[in-house]
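Chemist: The structure follows.
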Amino acid sequence: MARGNFSRVTEFILLGLSDTQQLQLLFFTFFLLAYAMVLLGNLLIIAAVRTDPKLSSPMYFLLCHLSFIDICYTSVTAPRVLVALLSGHKAIAFEGCMAQLFFLHFVGSSEMFLLTVMAFDRYTAICRPLHYTAIMARGACWALVAACWVGGFIHSIVQTGLTLQLPFCGPNVIHSYFCDVLPVVQLACADTTLTEWLMASNSGLISLGCFLVLVASYALILANVRARLSQGHWKALSTCVSHVMVVILLFTPCIFTYLRPAGTLPSNKYICVIYTTFSPMMNPFIYTLRSNEVKESMWRLWKR
């Protein structure tokens, strides 16, 4: 049926990760366990930070928001994948596909901006300790978090708008397990070269820009710590190790995926699993294993 003046497609078919029955069972088990771990781990972090007065510093305030974003981010794709694997129903409505695309980029880009803010927090704590309390006051933290959400919203509106203005009138099979800009744009019944370059410069440059800022901030932190070897500085540096691990897990596949127009390289839907599921699943382990304060608070909360 016609959709306005530009689309006759009313639904898309998500092929998923595999058609093999045995592999589908394996993928269902993986996504179910991963989603359960994301929910349990991040909810425990949020509860620990909100209930323990010892975890009131800006670092844990930002960590609490990162956990909330990880829950939202994984919830955009995981429940839909689990239902499809369990029922075999692979169709998704046009509106549902666009909604998934919007929220995926909204929450995903907000997480990138938040990780950049967390790197700034660590840089300030280590390199500007005398000004840390004034710079990272609670009001400033709320303003930074709000800026991350606003930036993610603007980015996602641009991506979704570029996708919606394309005509979809023919093929509707998406070679992935969720709706994203690159596989969806490839189905458009028009020359999408300009749109693809605009999307690559949007998503790709945001990923690359945030990554370079993060690398630069951690390089400055390392240089500062090497110049001032003290127990306090090494303890602060140890928290940065977990941040770097999150950065590598999230940004490397995102840069590979988005910093190029669709069709320039074959897409790999298995790479998408890293930043949509594996990275949010590992975040609670990475942060709690590197922070004795969080581990102790979570243990006290668990015993209660």
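Positions of Cβ are set from backbone N, Cα and C atoms, glycine also.
Not my notes, these are from TrEMBL:
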type     : residues : note
TRANSMEM : 25-47    : transmembrane segment
DOMAIN   : 41-287   : domain 'G-protein coupled receptors family 1 profile'
TRANSMEM : 59-78    : transmembrane segment
TRANSMEM : 98-120   : transmembrane segment
TRANSMEM : 140-158  : transmembrane segment
TRANSMEM : 204-225  : transmembrane segment
TRANSMEM : 237-258  : transmembrane segment
TRANSMEM : 270-289  : transmembrane segment
Chemist: The transmembrane segment (204-225) vs the transmembrane segment (59-78): three or more C-beta pairs under 8 Å (separation of 6 or more)?
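Modeler: Contact between the transmembrane segment (204-225) and the transmembrane segment (59-78): absent.
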Chemist: Which sequence positions outside the transmembrane segment (25-47), separated from its termini by at least 6 residues, show Cβ-Cβ distances below 8 Å to it?
Modeler: 16-18, 63-64, 67-68, 70-71, 74-75, 78-79, 81-82, 85-86, 277-278, 280-281, 283-285, 287-288, 294, 298, 301-302
Chemist: Give, as a single whole number between 0 and 100, the mean pLDDT over the domain 'G-protein coupled receptors family 1 profile' (41-287).
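Modeler: Mean pLDDT across the domain 'G-protein coupled receptors family 1 profile' (41-287) comes out at 85.
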Chemist: May I ask for the residues of the chain that lie six or more residues beyond the transmembrane segment (98-120) and have a Cβ under 8 Å from a Cβ within it?
Modeler: 59, 62-63, 65-66, 69-70, 72-73, 76-77, 80, 92, 144-145, 147-149, 151-153, 155-157, 159-160, 163-164, 178-181, 184, 203, 206-207, 210, 213-214, 217-218, 243, 246-247, 250-251, 254, 275-276
